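Enquirer: After the structure tokens below, expect a handful of questions from me.
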Amino acid sequence: VQPSLGKESAAMKFERQHMDSTVATSSSPTYCNQMMKRRNMTQGQCKPVNTFVHESLADVHAVCSQENVKCKNGKSNCYKSHSALHITDCRLKGNAKYPNCDYQTSQHQKHIIVACEGNPFVPVHFDATV
């Protein structure tokens with residue numbers, strides 16, 4: 001049973017929107033269309049861009065103790081992964097309109113930058129890939 005989105009913590013939202021440790025890579029071109037829908041990012045509108053990380057939750061949590069960097073918004077609670085991780089970028093295609101959210105799926109190996117907070121200190125926001 002998934003918790004209602006209203007009671008979702010920032011850490012739980014991060015997991016829902018960005019974690020997919022079940023697959024090492026997303027070879028299917030329809031991966032983003034399926035996952036964006038399954039993870040509730042196409043309700044009411046199409047989320048324009050989203051990144052899924054194909055690593056264990058423990059490995060992504062560990063980024064919070066790696067290199068401290070500035071976030072895009074100027075805050076100082078972002079952390080960059082030491083190594084490149086398997087990720088999938090989902091980008092809304094230019095002509096796609098809600099409710100027909102149609103995404104381009106692209107796979108990469110990149111360093112991720114996440115914002116971390118709380119106790120335990122865990123990712124709550126996906127900031128960037130480099």
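Every residue gets a Cβ built from N, Cα and C, even glycine.
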Enquirer: Swiss-Prot annotation: C78 disulfide-bonded to which of C71, C90?
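Expert: Checking Swiss-Prot, the candidate bonded to C78 through a disulfide is C71.
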Enquirer: Looking only at C32, C46, which is named in Swiss-Prot as the disulfide mate of C90?
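Expert: The record-listed partner cysteine is C32.
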Enquirer: What does Swiss-Prot give as the disulfide partner of C46, choosing from C101, C116?
Expert: C101
Enquirer: For V49 (substrate binding site), which DSSP three-state class applies?
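Expert: Strand, per DSSP.
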Enquirer: Could you tell me which of these recorded positions, N40, T51, has the greatest number of Cβ atoms within 10 Å of its own Cβ?
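Expert: When each Cβ's neighbours within 10 Å are tallied, T51 tops the list.
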Enquirer: How many Å separate the two farthest-apart Cα atoms among the substrate-binding residues K13, R16, K47, P48, V49, N50, T51, K72, R91?
Expert: 22
